[in-house]
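Asker: Sharing a structure below in structure tokens format, with a few things to ask.
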There are 2 protein chains.
Amino acid sequence: MNEYRDLRVALLGCGSVGAQVARLIIEHGDELAARIGARLTLSGIAVRDTTAKRDVDLPQELFTSDAERLVQGSDIVIELMGGIEPAKTLILQALQGGADVVTANKALIAAHGPELAEAAEQVGAQLSYEASVAAAIPILRPLRESLAGDHITRVMGIVNGSTNYILDRMDRFGDSSEDAMRVASELGYLEADPTLDVEGYDAAQKATILASIAFHTEVPVDAVYREGIANITLEQIETAKQAGYVIKLLAIAERITSADGEHGVSARVYPALIRRDHPLAAVYGGKNAVFVEAEAAGELMFYGAGAGGAETASAVLGDVVSAARRHVVGGPGIAGSLHAGLTILPVGEVNTSYQVMLEVQDQPGVLARIAGILAEHGVSAASVKQSIADGAHERASLVIGTHIGRESDLAAMVDSLRASDLVHEVTSVLRLEGNE
Amino acid sequence: MNEYRDLRVALLGCGSVGAQVARLIIEHGDELAARIGARLTLSGIAVRDTTAKRDVDLPQELFTSDAERLVQGSDIVIELMGGIEPAKTLILQALQGGADVVTANKALIAAHGPELAEAAEQVGAQLSYEASVAAAIPILRPLRESLAGDHITRVMGIVNGSTNYILDRMDRFGDSSEDAMRVASELGYLEADPTLDVEGYDAAQKATILASIAFHTEVPVDAVYREGIANITLEQIETAKQAGYVIKLLAIAERITSADGEHGVSARVYPALIRRDHPLAAVYGGKNAVFVEAEAAGELMFYGAGAGGAETASAVLGDVVSAARRHVVGGPGIAGSLHAGLTILPVGEVNTSYQVMLEVQDQPGVLARIAGILAEHGVSAASVKQSIADGAHERASLVIGTHIGRESDLAAMVDSLRASDLVHEVTSVLRLEGNE
């Protein structure tokens, strides 16, 4: 057996992911040592309550409540506490002490990623966070390294498993929104505060991280346009199904050009219609997937588990092995280079198409007048379908699919439809994505 | 504008991939320089005929017929000539001269990968070949790096676009095998010698590369069990469809345990039945995808274009950028470490299940006697379906699906069925994969 030098690994946090990371480091010790050329030695696990019960049986002497002290003298620090503080301060202390840092903390990276990356770069340390987006799926490394010679044009991800589970139940089992939410909650898919998932905040954090890495540009999380799935109805899903679509909550990061010719970046989260034969349409249940379009590579998709203790731990360990190899053989830390500095353009500048459902007066000439409203905004219809005519109430239901246009024009068109005396109600407005 | 040092890049070969690589290096020069911290300078392109017409307009002065001289003094050599020689000798010369080498040459890597990796390791150079498997799809780097802390148990890929296109046409458009082959040939999907694709030789080379990287074990290409799709009939595809399956040519690399308890590796290529809701079932046309199962990460899939000049060039450039960064900031070359040295077990040791279609005598007691033949080999039936009884000829057609068993037992069962006087003909034998 080879004699390997030891690398001191400090683990901060021991929830479902942390416990699995500790287990893998211990159980796979020999195999990891052979791959790295050094042995990962767990020097301690910092937790608030050192006597709490864990998912995995771990040596009690590893636990400490003194995270600051544990960080000192570590070669690699794994931060799995979540939240902003004390995680951020501990990560900065670790980096300043020369340690490489691996984290799965999407909230922290979305809020302070550039600051932490700069701190790492200043001391030549490595900061990596593959597990912060889509858990087990290798997506940040492929975006950063495999596609480094290409020009990424769009990243479109199903990056929140809870909302995908809810939408998938509605689509495949005909659950109402309320029933699907209840089942998701019972199965532990939803956080204690479900608005983080349902209103798209979680997906927006991931959109920030994906956009920053794909486009080498700092994209603050509050620059991400965001709509959640709280108002998606079973009727919308059924109508989509009949037309050959499925509704998915998408996090989109895209290079776009504004109306006045400025090249920039858009980052946004909203539920959208996707054609049934699009690879993202076959992402069922709580699974995640990220669809990437690049100038030369064309269309790529990365699919897998978007949550789970062991699954997330796999991504964390991949980063740990990368950092450990660097300790053995030298070389630079990964620099989260933001050299491009593209402008972040507002959602109004995005090109998309709309599917609008509305109830109109069932009278002669109504279609021509609706078409006139579209034309006023420079919007052209790709399809108009009169789905139900209710003679008794003199109402008709229309489903209008538009050609691709500018979001600001499409939104203004919907406002005009709402204001028209012909229109009783606009019952649904959804964007179509992945269609061009 | 920053002043960057130059890195001399030599390109060997200028077919559809090489021309795109040259284009990207020239057109994206500034962006690549910003990412790398050095400028990629194309020092020359070695071709047999320096006056031939190219896919892309490139400066004539770059072309040379003297590959050996071009390689000398290069920092990075990109080998896109294909074939074993002179590619192998030139790569060895490049490595010995201290250059990093990027290649898309699957035949060469499948045949001589370990020897070339050793040559690279001896001089501390980097040898990378992401584009050799599934072209644009980042798969080798995620297997090697992102999953470095995990334990990969199985890799199952649709890695030959031509055969996927043929099978997909048969499945979705009801083409006969001959018609689908003809269309594939007309569209340029098939090589001049179609047996490389159709008989699974191309997929076997990729299985070798995938198995070696996933399991850190040298897997020679002639240790890959191989069956092609030449004998797949439309009837088999229709029968599969009725039962909820689709037939795909799979390259499988798997950790298995032999009957006498030895842990080892299996690598094999064959057409197999996949459930329609499996992610691999939605890989249409000429697309590729690699489905990966790992102990902690669970199921992952990587999807994208498996061929094409620009698509393959994207993967080549990713490797070039990685090598170039190493020149700028130091650090070791990627070592294709084969430390595990697992035994390669024969296909008979694999666990799989069979779907067998056969014509039997339509007489009382035949099912019981067929069941008896299964039982003799320790095989148990999961389903038996009598699909057509032809009273006039006293024949019945049976479709038997087995539970999972050892390949050697299942194959012996089929031999016994063929030998039985009850059986007129065994019309189809297919394995089911991705089902457990």
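Glycine too: its Cβ is placed from the backbone N, Cα and C atoms.
Among the features that TrEMBL reports, NADP(+) binding site is placed at B:Leu12, B:Gly13, B:Cys14, B:Gly15, B:Ser16, B:Val17, B:Gly18, B:Ala19. As annotated by TrEMBL, NADPH binding site applies to B:Lys106. Among the features that TrEMBL reports, L-homoserine binding site is placed at B:Glu191. Per TrEMBL, domain 'ACT' is recorded for B:355-431.
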Asker: With an 8 Å cut-off on Cβ-Cβ distance and a minimum sequence separation of at least 6, pull the same-chain contacts of B:Val17 (NADP(+) binding site), or say none.
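Answerer: Listed in sequence order: B:Leu80, B:Ala104, B:Ala131, B:Gly309, B:Thr312, B:Ala313, B:Val316.
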Asker: B:Gly15 (NADP(+) binding site) to the residue listed as 'L-homoserine binding site': how many Å between their Cα atoms?
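Answerer: It is 14 Å, counting Cα to Cα.
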Asker: Quick check for the class: what is the C-alpha distance, in angstrom and rounded, between B:Leu12 (NADP(+) binding site) and the residue listed as 'L-homoserine binding site'?
Answerer: 21
Asker: Only counting partners 6 or more residues apart, tell me which same-chain residues put their Cβ under 8 Å from the Cβ of the residue listed as 'NADPH binding site'.
Answerer: B:Tyr129, B:Ser132, B:Val133, B:Asp202, B:Gln205, B:Lys206, B:Ile209
Asker: Determine, to the nearest whole angstrom, how far the Cα atom of B:Gly18 (NADP(+) binding site) is from the Cα atom of the residue listed as 'L-homoserine binding site'.
Answerer: 18
Asker: Counting other Cβ atoms within 10 Å, pick out the least crowded of the binding-site residues B:Leu12, B:Cys14, B:Ala19.
Answerer: B:Ala19
Asker: Per DSSP, how many helix, strand and coil residues does the domain 'ACT' (B:355-431) have?
Answerer: 27 helix, 36 strand, 14 coil
Asker: If you draw a 10 Å sphere around the Cβ of B:Gly13 (NADP(+) binding site), how many other Cβ atoms fall inside it, taking every protein chain shown into account?
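Answerer: Taking all protein chains shown, B:Gly13 (NADP(+) binding site) has 23 Cβ neighbours within 10 Å.
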Asker: To which of the binding-site residues B:Gly15, B:Gly18 does the lowest count of other Cβ atoms within 10 Å belong?
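Answerer: Each of the binding-site residues B:Gly15, B:Gly18 was scored by Cβ atoms within 10 Å; lowest is B:Gly15.
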Asker: Compute the mean position of the Cβ atoms of B:Leu12, B:Gly13, B:Cys14, B:Gly15, B:Ser16, B:Val17, B:Gly18, B:Ala19, which form the recorded NADP(+) site, and then list in sequence order the other residues of that chain whose Cβ is within 8 Å of it.
Answerer: B:Leu11, B:Gln20, B:Val21, B:Ala22, B:Leu80, B:Met81, B:Gly309
Asker: Of the binding-site residues B:Gly13, B:Ser16, B:Ala19, which one sits closest to the residue listed as 'L-homoserine binding site' when you measure Cα to Cα?
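Answerer: Closest by Cα distance to the residue listed as 'L-homoserine binding site' among the binding-site residues B:Gly13, B:Ser16, B:Ala19: B:Ser16.
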Asker: Taking the Cβ of the residue listed as 'L-homoserine binding site' as the centre, count every other Cβ atom within 10 Å, in any protein chain shown.
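Answerer: For the residue listed as 'L-homoserine binding site', the 10 Å Cβ neighbour count is 13.
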Asker: Write out the long-range same-chain contacts of B:Ser16 (NADP(+) binding site), meaning residues 6 or more apart in sequence whose Cβ is under 8 Å from its Cβ.
Answerer: B:Asp55, B:Gly308, B:Gly309
Asker: I'm checking region-level scores; what's the whole-number mean pLDDT for the domain 'ACT' (B:355-431)?
Answerer: 91
Asker: Return one of helix, strand or coil for B:Gly13 (NADP(+) binding site), based on DSSP.
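Answerer: Note: B:Gly13 (NADP(+) binding site) is coil by DSSP, not helix or strand.
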